Amino acid sequence: MSPILTNRQAEELHKSIIAYLTANNLLDTANTLRAELNLNEDAFDPATAKKYETLLEKKWTSVVRLQKKIMDLESRMSAMQAELDNATPTSLSKRNKDPASWIPTAPARHALESHRDTINSVAFHPIFSSVASASDDCTIKIWDWELGELERTIKGHTRAVVDVDFGGPRGGILLASCSSDLSIKLWDPSNEYKNIRTLVGHDHSVSAVRFIPLGASGAPSSGNLLASASRDKSLKIWDANTGYCLRTLQGHTAWVRDVFPSPDGRFLLSTGDDSTARLWDISVSNPETKVTMFGHDHFNECCAIAPSTSYQYLSPLTGLKKPPPASSTAEFMATGSRDKKIKIWDARGTCLLTLAGHDNWIRALAFHPGGKYLFSVSDDRTLRCWDLSQEGKCIKVMRDAHERFITCLRWAPSIFKDAPTGNGASDGKNGDIKKSDSPEVQIRCVIATGGVDMKLRIFAN
């Protein structure tokens, strides 16, 4: 049998073993081995011993690191192969061209740096190419995501800025931010992001803030309502015009981490450290929990309400013969938890799917506007894409999307345009053309992520 090592390699190995034994005060064993190998003292003087003293440990750790790298690469190859198995040249081409099928790919278009601490939240302007980022460094930064340039830094909070959101009535878009300093602040983008109002009322850190969309049933100030979640276990609804708290929602028994409004503004979905998710009907005079969802084994970090475009993919899981009407909201929801799992729920509070794959806390969720996919980010540094048409199968894993934990994820909101008048539809009176009630929806294929590495990454088509 031919030797595996060359004579020189064998000699280096022997000297490394002897040096290791000597360094660990196993002198008798070292001398015995040296004698059996016929290495005299001249061939293994103090200089040689010093040279080989740590070589064995270095070789060993190198092998371990290499083995870990090989396992990681094998895992990546497996994920890529799975993606290829589910794709054809036609579907890949269509995915690149069709916004409803677009999936982000590495590398990011921009990796934006300026923050001096963890980025906690990102939010896109509903019309312009601006994106806001909130950080533990107590600042908000406004970027141009198309150019990859920093536009301005907003200061005002005295502690970490936890969440940001753009919203408000058409023509009066505002930026809302919330902080560990117990306050919510409103900033005016049309006036150099001047702080126009500060909302105070929570008794602990404010962990999430969201504008409630236009069309909230029963809302007197539709388009000017704001929802917030706090460590004080409550949710609050605010009038952005006056800064007054209109309602306080009690029900959670621990820190409320996240809140998400339905597209019509009728419902709020909330979740937190009591490991539950609650769906609230805020259209009634005395809002109360409509549904409470139990099932996670650890604190919940995030939640999202599915768009109506996803109903066709999720309704078969409930046994429905046809999906609910698009006008119906909060039919399906998703939650992400520190138990490393994502759960998909229906409006009755039934868990339809449990998605497993992340190796650490799940920090943020975003449904694809096209409805077919759900995206998630985690402390395991990955961004994952789950295909709802395949019962939540993970079809893409973007590994090392950030250098450290990924804390936030946001999809740029679609742009809604009034449908133009055209040939065909008539209201039957004098042959006048009738304008469609359905606005034209333009999906923006842009995703932003932020993390503990203090970087804001932009993935765009």
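Keep in mind that glycine also has a Cβ here, set from the backbone N, Cα and C atoms.
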Request  = Have a look at 5-32, 61-88, 229-256, 397-424 and point to the one annotated coiled coil in Swiss-Prot.
outcome  = 61-88
Ask   = Sequence-remote contacts (6 or more beyond its ends) of the repeat 'WD 6' (357-396), Cβ cut-off under 8 Å?
value = 79, 82-83, 86, 99-104, 301-314, 317, 334-338, 340-342, 344, 402-411, 414, 441, 443, 447, 449, 451
Request  = Mind checking which residues of the chain, 6+ beyond the ends of the repeat 'WD 4' (251-290), have their Cβ under 8 Å from one of its Cβ atoms?
outcome  = 204, 207-219, 222, 225, 227-231, 233-235, 237, 296-305, 307-308, 329-330, 333, 335, 337, 345, 347, 349
Query = Counting by DSSP, what is the helix, strand and coil composition of the repeat 'WD 3' (201-248)?
reply = 0 helix, 22 strand, 26 coil
Key: Model confidence over the repeat 'WD 8' (448-461) (mean pLDDT, whole number)   = 96
